[in-house]
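Have a look at the structure below before the remarks.
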Amino acid sequence: MKALDRKLLRDLLRLWAQVAAIALVMAAGVMTLVLAVGAQRSLFETREAYYERNAFADIFATATRAPNRLGDEIAALPGVASVETRITQNAILDIEGMAEPASGMLVSVPDDGEQVLNRLYLRLGRLPAPGHPDEVVVNEPFANAHGFVPGDTFGAVINGRKRDLTIVGVALSPEFIYVVTDLMPDDRRLGLVWMSQTALSAAFDLDGAFNAISVKLLRGQSPDVVIDEIDRLLEPYGGRGAHDREDQQSHAFLDSELNQLQAMSYVLPPIFLLVAGFLVNMILSRLIALEREQIGLMKAVGYTGAAVAWHYLKLVIVIALLGVLVGASAGTLLGRGLTRLYGDFFHFPFLIFRAGVDIYLIAIVVSVSAAMLGALRSVRAAAALPPAVAMRPPAPARYRQLLPDGVPLLSLLPQTTVMIGRNIVRRPLRALFTSFGMSLSVAMLVGTLFALDSVDEMIDVTFFGAERQHATLSFVHKLPAEALYEAERLPGVLAAEPARMVAARFRNGHLERRLAITGKPGDSTLSRLLDVEGHEVTMPDEGVVLTTALAGILDVGRGDTVEVELMEEHRETVLLPVSAVVESYIGLGAYMDMDALNRLMREAPSISAVHVIADASRIDELYDAVKNLPLVGSITLQRAAVEKFRETMAENLIMMVTIYVGLAGIIAFGVVYNGARIQLSEQGRELASLRVLGFTRGEVSWILLGEFALLTLLALPMGWLLGYLMAYSTAEGLATELFRLPLVIQRSTYGWASVVVLVASALSALIVRRRIDRLDLIEVLKTRE
Amino acid sequence: MSDGPIYTIEGITKVYRTGEVEVHALRGVDLTIDAGEFIVLLGPSGSGKSTLVNILGGLDTVTDGKVFFRDEEITAFGDGELTKYRRDHVGFVFQFYNLVPSLTARENVSLVTEIAHDPMDPGEALEIAGLPADRHNHFPAQLSGGEQQRVAIARAIAKKPEVLLCDEPTGALDSKTGIRVLEALAQVNRELDTTVLVITHNMAVGRMADRVIHFADGSVARIEQNEKREAPASIAW
C-alpha cells in the first residue's frame, strides 16, 4: 500500500464517527432509492407477469342484456385479439357465523371451463362442473377469511332467490387484485363468486345473452378506437360505456400505489444526498485546513496538485461507497420486505423481485457525485495551494463587529453570546446550510406525516360531514319510489333516504368521463353536499352538481354547460347547466335533484338505493332482514368501514412514523453532530482556554452548542414552510380520480416534527458535549494552532 | 510581602503514563510560596516546572503529595471545585496568549470580568497591562504579538486574582516587546499585591524576581533569593 493510501486509511479510522454519520445520511438516501425503485419494479413486473400469464383483458364493458352474437361482432373488430362474454351481478351473501351480510360479486365462467381472458389462478379444487349450477369457485382471500375449503357451503340471494352454493374451488384472479367493498378491501365482507355461465344466465334470465364483455387487443393496438366501436355496438343493449385498464378499479389502484413508490424514489433520496454533500463539504474543508502544513510538505517533496486532490477525493469516495454499501444492502432487504408486504396485501400468486443492476449503478454514481460535488471547493483549494504558503499558518480568521461601536445592545449581551453571534456571522453560508439541513429533516416529517392529518380530514368530511348514513342498500335494479317506505320499516332503521343512480357520460368538447349521476332528494340530510369550506350546499332544483375533481377534469365551472349522455333506457344526450361545484375527496361525483333526474329520464319516480341510519342495538336484526331481501344486490356499511379503516391506519401508522422519524433523525443527527464536531475542532483550543480561565463545562459547552441550538431554532420555521410545500406537492402528485388528499396539516404535526429534530439535535449535542468535557486543558497552553 | 504562605506544597510527585512508558515529571517537591511574592521558575524543558504550575493552577492532578492554597487542599478538589478555584483565585498568562479571536481586546477581558466577583473595569485592566486605548476595540488578529499578550495579562488581572501564573509569557515575543510584558507583570505584582509565578527559559528574567527556583529532572535543584529586584527595563537578552 502506498504511504498516502495508508494515511487515507488512518484518516478514515480517526474520523470514524463523522465518517459514519455522513455515510449514514448517504445510506438513508440510497436505501430509500433502492427500496422504492426495487419495490416499484418488483411489483410492476409481478403484475405484468400475472396479467400476461392469466390473460388480463385490455377493455371492459357492461350492458343490460346483449345477445351473444354481439360477442362475435366485437371479436371481429379490427385490432381485437380475443373476447370473452360474461354475466356479472351482485348478490348478498349469507355466511354462517357472520352477523352482517357479505357482498358477493358473481362472475360467470364458460361452461367448458376454458377461460379465454381473466383466467382464474386456481389454488384449490376445480372449476364448476357443467350441470351443477350451485357449484362455485371463490377468491382465496375471502375463503381464508372464513376458513372455507372446497366442500363448504354458504347462502346467497341471487336475483331474489335464496340459494345454497357449494365451494368446489378457491382461486385468485388478475382482475380482482384489489377490490373495495365499503372504503377499503375487506376480505371478510366481499366475496368473488365464479359460477358457470349456464347457471348465471338461468338465474338472471340472460339465456343467449351477456351483460359484460372483456376484450384483449392485438399488441400495439390503441384502445380508443375499439372502445368507440364497442360502445356503438352495445348501445342498443343498454351498454354503459366501455373502458380500458386505466378505469378498471383493481388496475387503477395498483397504479396509484406504484406511483406513490415512484414519487418516494424521486423526493427522498435527493434530500439525503444534498445533506450528505453539504456534510462532506464541511468535514473536508476542515480536514484540509488542519492538514495545511502536510499538504505543503507533500507538494514540497514533489507531489502534484492533482495527486493531492485525488488523495482527498478518494477519502470522500470511500465515504460515499460506504454509504452505498450500507444503503443498498438495507434497501434491497427492505425492498424485498416491502414487496412481500404488498404481495400479501394484494394476494399475488407469485412475486418477481427485480431491483435491476442499473439502480445500484445509479446509486453509486449519484452518491459519489454528491460527495465529490461537496468536496469540490476545498479539494480545488488544496490542489491550488502553493507549498510555501501552505507551510505557513493560515491567515487569522476575520471577525466583524455585529453592530457599530457604541450601540448599547451589544454591551448588554454576555461575551459568550457575542462569540456565538460572531461565529455565525463569520461563516454565514455554513450557518445557513446547517440550518437548512436541519430544516429538511423537519420538512421531511411534516411532508410525510401530514398524510395522517389529511386522511383524518378526508374521513371526517366524507363520512361525518357528507355521507352520514351508516349503511347503503343498493338494489339489483331500480324500484318504484315506494320501496323507500319498505326500507324505513326494516328493523333497526331510524331514518332512510333514497338515491337514484343513472349511468351517464359527461362531455365538454373532447374532455369526457363516464360516471353515474346520483339523484338525491332536495331535502336530504344523510347524504349531503359540501362545498370546499365544508359548508352544506342545498341541492339546486335544476342543473347538475359536479365535484371539484370532475369539474376540473371536464374544465367546467358553475354556470357552464356540460353535455350529458344518459346511458340507460331512453338514451339521449342533454345539455345541463352546472349549478354548483362541491368538494369530495373520494372518486368523482355528479349529483342532481332526484325529481329533476326522474323528469330527465321521463319515468315514474324510482330509486336505486336507500341510505339508512341504524339503531346500533338492533343492527343484527337489520342484517338478518337484509340477507333475506330479494332485491338488495349489495350493502355498503360505511360506519363499520370507517372503524376498520381507522384500525388499519393505526397499525400502519406505527411503522410509517418509525421509518420517517428514523430517517429524519439521521439527517438532524448527522448535521448537528458533524457541525458540532467541526466547530469543536476549530474552537477546541479557545474553549479549553476558557476552561482554564475558570469557565465551567456547562458555560463552555453553551458557546459551542448554543450556536447549534440557535441554528436549530431557525431551522424549525424554515422546515415548517418547506414541509408545507412538500405536503402540497405530495397531495397534488398523489391525487387520482380514485381519491385525493385534502392538504391539512395539524399544528401537532408541526410540533412533533419539531420535537423529533430537537431531540436528535440534543442527542448529538450531548455526544459532542462529552468531548467538550474531556478537553485537554494543558495541551492547549503549549501549542499554537 | 505579607500574609504568610499562599501555597504550601508537600512532597508532590507526578507520574505520566503513556503506554508502557512512565515519565516522572515531578519527583517529590516541597515548597512554600508567600503571598505577594514574584517568583521565576527556571529550568530546561521537561524539568517539571510547567507541571508544577499546572498543578498550582488547578489544571492537573498530583500522583502523590498535597498542595494547599492558603488553608484549602486543592489536590483534594474535584473538577467543579477546581473550576471555581481557577475562576475566583487564579489568573493565567500563556505563551501563545490564547485569546478568543472572535472577541475584541475589551471583550476578551469582559469575558472574565463577567464571571468574576469583584472585577476591575475591563478598560482599567487593559490600561494597567499597557494596551493603548485606541486598540481596545481591535480583534486579536488586528493586534501585534506584544499587544495580544497585554490583552492576555489584562484578562488575567481584571478579576483581581491572588495568583498570576505565567507560562513562558515572553516566549513568542521579541526582547523589546517581552520587556514591556514583564514590566506589566511587575506592575501588577507591585500595585495589586498579586503573587506572580513566571516560567521562563530566560535566565535574565530571574533578576526581576524575589526568588528564582531552578528545576532539574522533576525536582527543585536550588532556590536563589534576590537581595534586590531589578527593573525589567535593565534586563537585556
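Cβ coordinates are placed from backbone N, Cα and C, and glycine is handled just like the others.
Sequence annotations record features per position, and here TrEMBL assigns domain 'MacB-like periplasmic core' to A:20-232. Residues or ranges marked as domain 'ABC3 transporter permease C-terminal' by TrEMBL: A:271-381, A:660-772. If you look up TrEMBL, you'll see A:12-37, A:266-289, A:310-331, A:351-376, A:429-452, A:653-676, A:700-729, A:749-768 marked as transmembrane segment.
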Interface present between the transmembrane segment (A:351-376) and the transmembrane segment (A:700-729) (three or more C-beta pairs under 8 A): no
Criterion met for the transmembrane segment (A:749-768) and the transmembrane segment (A:429-452) (at least three Cβ pairs under 8 Å): yes
Averaged pLDDT, computed only over the residues in the domain 'MacB-like periplasmic core' (A:20-232): 93
Residues of the parent chain within Cβ reach of the transmembrane segment (A:12-37), under 8 Å, 6 or more residues beyond its termini: 261-262, 264-265, 268-273, 275-276, 279-280, 283, 287, 315, 318-320, 322-328, 330-332, 334-335, 338, 355-356, 359-360, 362-363, 366-367, 370-371, 663, 666-667, 669-670, 673-674, 677-678
Secondary structure content, the domain 'ABC3 transporter permease C-terminal' (A:271-381) (per DSSP, counts of residues): 96 helix, 0 strand, 15 coil
